[in-house]
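Copied over from Swiss-Prot:
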type: ACT_SITE; residues: Asp560; note: active site, 4-aspartylphosphate intermediate
type: REGION; residues: 1-50; note: region 'Disordered'
type: REGION; residues: 1230-1282; note: region 'Interaction with GEA2'
type: REGION; residues: 1305-1355; note: region 'Disordered'
type: TRANSMEM; residues: 222-242; note: transmembrane segment
type: TRANSMEM; residues: 247-267; note: transmembrane segment
type: TRANSMEM; residues: 450-470; note: transmembrane segment
type: TRANSMEM; residues: 491-511; note: transmembrane segment
type: TRANSMEM; residues: 1013-1033; note: transmembrane segment
type: TRANSMEM; residues: 1044-1064; note: transmembrane segment
type: TRANSMEM; residues: 1095-1115; note: transmembrane segment
type: TRANSMEM; residues: 1132-1152; note: transmembrane segment
type: TRANSMEM; residues: 1162-1182; note: transmembrane segment
type: TRANSMEM; residues: 1203-1223; note: transmembrane segment
Amino acid sequence: MNDDRETPPKRKPGEDDTLFDIDFLDDTTSHSGSRSKVTNSHANANYIPPSHVLPEETIDLDADDDNIENDVHENLFMSNNHDDQTSWNANRFDSDAYQPQSLRAVKPPGLFARFGNGLKNAFTFKRKKGPESFEMNHYNAVTNNELDDNYLDSRNKFNIKILFNRYILRKNVGDAEGNGEPRVIHINDSLANSSFGYSDNHISTTKYNFATFLPKFLFQEFSKYANLFFLCTSAIQQVPHVSPTNRYTTIGTLLVVLIVSAMKECIEDIKRANSDKELNNSTAEIFSEAHDDFVEKRWIDIRVGDIIRVKSEEPIPADTIILSSSEPEGLCYIETANLDGETNLKIKQSRVETAKFIDVKTLKNMNGKVVSEQPNSSLYTYEGTMTLNDRQIPLSPDQMILRGATLRNTAWIFGLVIFTGHETKLLRNATATPIKRTAVEKIINRQIIALFTVLIVLILISSIGNVIMSTADAKHLSYLYLEGTNKAGLFFKDFLTFWILFSNLVPISLFVTVELIKYYQAFMIGSDLDLYYEKTDTPTVVRTSSLVEELGQIEYIFSDKTGTLTRNIMEFKSCSIAGHCYIDKIPEDKTATVEDGIEVGYRKFDDLKKKLNDPSDEDSPIINDFLTLLATCHTVIPEFQSDGSIKYQAASPDEGALVQGGADLGYKFIIRKPNSVTVLLEETGEEKEYQLLNICEFNSTRKRMSAIFRFPDGSIKLFCKGADTVILERLDDEANQYVEATMRHLEDYASEGLRTLCLAMRDISEGEYEEWNSIYNEAATTLDNRAEKLDEAANLIEKNLILIGATAIEDKLQDGVPETIHTLQEAGIKIWVLTGDRQETAINIGMSCRLLSEDMNLLIINEETRDDTERNLLEKINALNEHQLSTHDMNTLALVIDGKSLGFALEPELEDYLLTVAKLCKAVICCRVSPLQKALVVKMVKRKSSSLLLAIGDGANDVSMIQAAHVGVGISGMEGMQAARSADIAVGQFKFLKKLLLVHGSWSYQRISVAILYSFYKNTALYMTQFWYVFANAFSGQSIMESWTMSFYNLFFTVWPPFVIGVFDQFVSSRLLERYPQLYKLGQKGQFFSVYIFWGWIINGFFHSAIVFIGTILIYRYGFALNMHGELADHWSWGVTVYTTSVIIVLGKAALVTNQWTKFTLIAIPGSLLFWLIFFPIYASIFPHANISREYYGVVKHTYGSGVFWLTLIVLPIFALVRDFLWKYYKRMYEPETYHVIQEMQKYNISDSRPHVQQFQNAIRKVRQVQRMKKQRGFAFSQAEEGGQEKIVRMYDTTQKRGKYGELQDASANPFNDNNGLGSNDFESAEPFIENPFADGNQNSNRFSSSRDDISFDI
């Protein structure tokens, strides 16, 4: 298989298939016999041991069998015996030298390992007598089925390490990456397996648990500098005689903030936990020894060593070794799109020795064990050994089916669970749910530091001023006892006092307000019916609400293909036969016409059928050959359903679509036998059987597949299908008259993103075939370079072909994908598609979904070595630099890079080159990439640029990519929920990204930006008056306002305007945001939030605070503030005036920045002022008498009873806000932003003439595309490349009867049964041979014989 990803190591010639030559671990095996020794070179004379192996060491197998076995068990499972310098480890899996037969020595453990083992032993009970531990003895008891029921409880109760690993870390006690001792799994012995403490099948995607919530939550909250700042302030307030305010005001407010944040985090994590619970409670069928049958259990209850039954279309619940299946020789088909993104089905096959276990009775009698590698993250390797009846059977990736795969085209399989839960390879490739911080939050943290610097400056000015004033006026202020005061101590005390006094410049309610805003924004996103997918009853779910504003600033989208952009459903769309193009439904503008002697457009499939059935039509023989090729030249297996229909089992979805297309056109493939295929001609009811002589299989080098048939009339024909490039060069130069028309049709297909194949044939004489067949057979039996020699043999016969036509298959897209991608690109978002599929497939999808277009130049990087990749990248960079590309030119570039080249390009020395080329392209497609490479690509762009990234996928193979991006979006698909559970946002369809980003993203970013800026502004506007006041009170640290009133400012009186703006404000309507995607660039450019904008708001707050302080102090200092009784206002009355005026100004500012007034806006802005005006007299009347706030005693009559107070509340706010109003007027009238213009259009419902211009430009572009020379012809074909397809299809005889669930039912139909002499006439009377695995029943003992000549065995 031409694949850049990790593949399992191949065995060297001459290596034995067994994992051990001597079975140390089989408790049923006797070691008695002649005295023998095993050295570490016993298995293979060519084996070169690693440096740490001691070649001289041997084990005497006959000295003391029991002691030897105990020693091996001790080293293998417990690693406690380190008295000797070397501990033997049976079957240690070494990644450097794949020699599973060897017995290896490992280095003695280091200090830390010994310490860890000491702890383990300390918490494990020991026997009073003998060297063996309590645990070891119970292991021996387990192997002899003598374990009492209380053992597991006692073991887990006292082994702290196992308890911690199992219930806290949810992992196995073995090595984290599979480098430790191999695990032993006993078949049909759950008690023995339970003793090892293997992980259960529980999975969790939550951020917290009971043990980690508090530390993780506090770490997350106090990583926000504002919360850390107020924690310090709260501590300072507790120092006696320092705080000018109440000591509990800050800590009380901080606790409220933390409690609200904690509640929000808990609610979101509970949602994740519920989602996990839904998956964990999925059901599977587990073989029960107690019931002698399969019983339904939850996934979470599946344990290592369980035998499970999986039916067709069901997901695999855990990493499983296939034991048997309903198909011949234990074959099964699995879909791994959820794991690696590949669309073609994979073929897995059980070992022949286990394929006989096909019913409950045989499973019950299955005894043995598996020695398996430890859990690890490698998706493409596996090593293990199964021991059955003293025979050791090697296990490889061919028998391993991973969790996350789905069983297809196979009625059922039986499997042995090897890894569960977080030990499965799928979960090993997943990372812990990361804690992500938004770009806005990072800016806030930096600006808080800057604001803190300003705060320090203000504190220093005030503290130094107080020291100077105290020193200079000490003699005049003798009553203050300032003489002899320690200046350093005074400075330090003043520093702390002013810290507390000015600390509210940083809004303490900022983050809780923002968190609540984001929570409700997330709720509104989830409530949007436009983002609800009715077909699967799936709403959009925001799992991490703290990231919603990131949706408005995305510059790159990294998307999976299969299941995200496409449905993974292939449909036969059109075909070209004899120069004519046929399609089922013809678009109005595509009807076939003749222009300049050339037929343009499509004909209907009905016309094709008419021509086929008209013997006088010259195209009839060609159409017959074309449809016969579709029905015969493939590796598909037909399967009759209960309703009489046929379901085609196809490893390649393309082949399935082609065969189905042929059936729809009247040539129905109905029977496959080992040496023939049968086709039903529906028009006449005639069945034609074609003898299958040879199959020349598809691979990525050949790009074609051929089959040779003997027709019913005795003639021999070769059918060939493949890429246009390879078919054209093999055509007969004289007998091909349809080439030009066919190529023209291929170009039309490619422009529509359809997957194309060329079809050709030739007649072969008997003599030529016999001569070639001898060459082919010789190549098929050679041991060296067999694949290359088979390809050479195929080349000899695949010549002088006659082109008969071409096919077009549509890889059906998800709804709305092309329109969504086009709109997102108009919004300035670059889209990268990362897929495990082949290059041709990826390019075709790029064309069909409008990621690529005909006028784009493809920059293809498909190299085999690092040096070639570097050279290719540098050549492209130099070429692009020479042309001095404009923006328009860059919009015509697309990069296509394959997985192998990408692996080289991701190296530190080359990644800058890759990113340079990629940034110049409008679109990037990475094909044949592994899940790890997907994540590495995202991390590279994330690390090398300041852009915000979004990753979207639907499969488990996309989880790492999703978690690596700033925002991860998972599609709640039909095949699994792993991506959706691990994502920040779960959606039902890719098309929902359009509104999610353009509307909700833009709204969220603008709302959050204004809410944050406003929060800082309002605190600056009020609390800076405290700083101005120090110049009037001799730097004494006296506060203008009462303590609790200051705290209530953020909690009650100004909290609602930013909240309402953050939740309900709309700067542009959703309709216009979707209509003009260019508005999205406002977020990408940081138009609403930046350092410059932030300090503009802060300075505005300084300005407003100065106006309030100066205005009020002039009024009160000069005695203008008289109440109705002619009494002058006091200090606290002046403070209330300052406070109330500031509240009115900041509420007025909120009114100016509000874009859309709603009922909530009216409640929030005027309502907040009204709330304060009502609250103050109640508070000032009650609390002083309760001895809580005596400052406000009698203040109400000095304020509410003064006309100057009310006049001040009118004049000063107008004076302060007039500048803001004039600035807003100037910007809109003379320097309008883009969204200002759109707002005017929205307000006055002004129509836009630009659509007509755009339509004209699109028309011009289409004309130019037609006039251009087209090169893309759309070849794509998905097919597994492991080889062996011919062998597989020759195993099948679909005339054999099958039961309800697809199992073989007749002795003559069993591929393992000896020939019992039943002829075709006896077939119906044959007695049932294989028991229905879904029902109990008796079965006679029978002898099986594999279709492999060299293997036979008994039940």
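Glycine is no exception: its Cβ is also placed from the backbone N, Cα and C atoms.
The shown structure was predicted, so the numbers you read here are calculated from the model rather than taken from an experiment.
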Over the region 'Interaction with GEA2' (1230-1282) the mean pLDDT stands at 64
Ranking 222-242, 450-470, 1095-1115, 1203-1223 by Cβ pairs under 8 Å to the transmembrane segment (1132-1152) puts first 1203-1223
Long-range CB partners for the transmembrane segment (247-267) (under 8 A, at least six residues beyond its ends), listed in sequence order, are 207-208, 213, 217, 220-221, 227, 230-231, 233-234, 237-238, 500, 503, 508-509, 511-512, 515-516, 519, 545, 1043-1044, 1046-1047, 1050-1051
With an 8 Å cut-off on Cβ pairs and a sequence gap of 6 or more, do the transmembrane segment (1095-1115) and the transmembrane segment (491-511) reach 3 or more such pairs?
-> no
In the same chain, residues at least 6 away from the ends of the transmembrane segment (491-511) whose Cβ sits under 8 Å of its Cβ atoms read 221, 224, 226-227, 229-230, 233, 236-237, 239, 241-245, 250, 253-254, 257, 261, 444, 448, 451-452, 454-455, 458-460, 462-464, 466-467, 1012, 1015-1016, 1018-1020, 1022-1024, 1026-1027, 1030, 1035, 1037, 1039, 1046, 1049-1051, 1055
For the transmembrane segment (1162-1182), out of 222-242, 450-470, 1013-1033, 1044-1064, 1203-1223, most C-beta pairs under 8 A are with 1044-1064
Once DSSP output is merged into helix, strand and coil, the residue listed as 'active site, 4-aspartylphosphate intermediate' belongs to coil
Residues outside the transmembrane segment (1044-1064) whose C-beta sits under 8 Å from one of its C-beta atoms, at least 6 past its ends, are 245-246, 249-250, 252-253, 256, 504, 507-509, 513-514, 516-517, 520-521, 524, 1007-1008, 1010-1012, 1014-1015, 1018-1019, 1022-1023, 1139, 1143, 1146-1147, 1150, 1153-1154, 1156, 1158, 1160-1161, 1163-1165, 1167-1168, 1171-1172, 1175, 1179, 1183, 1188-1189
Per the Cβ under 8 Å criterion, with at least 6 residues separating them from its ends, the transmembrane segment (1013-1033) contacts 447, 451, 458, 462, 465, 498, 501-502, 504-507, 509-510, 513-514, 1039-1040, 1046, 1049-1050, 1054, 1057-1058, 1061, 1089, 1093-1094, 1097-1098, 1100-1102, 1104-1106, 1108-1110, 1113, 1138-1139, 1142-1143, 1145-1146, 1149-1150, 1153
With the cut-off at Cβ under 8 Å and a gap of six or more residues from its ends, the chain residues touching the transmembrane segment (450-470) are 225, 229, 477, 480, 482, 485, 487, 490-491, 494-495, 498-499, 502-503, 505-506, 1016, 1027, 1030-1031, 1034-1037, 1098
Cβ neighbour count (10 Å, all chains) around Asp560 (active site, 4-aspartylphosphate intermediate) is 30
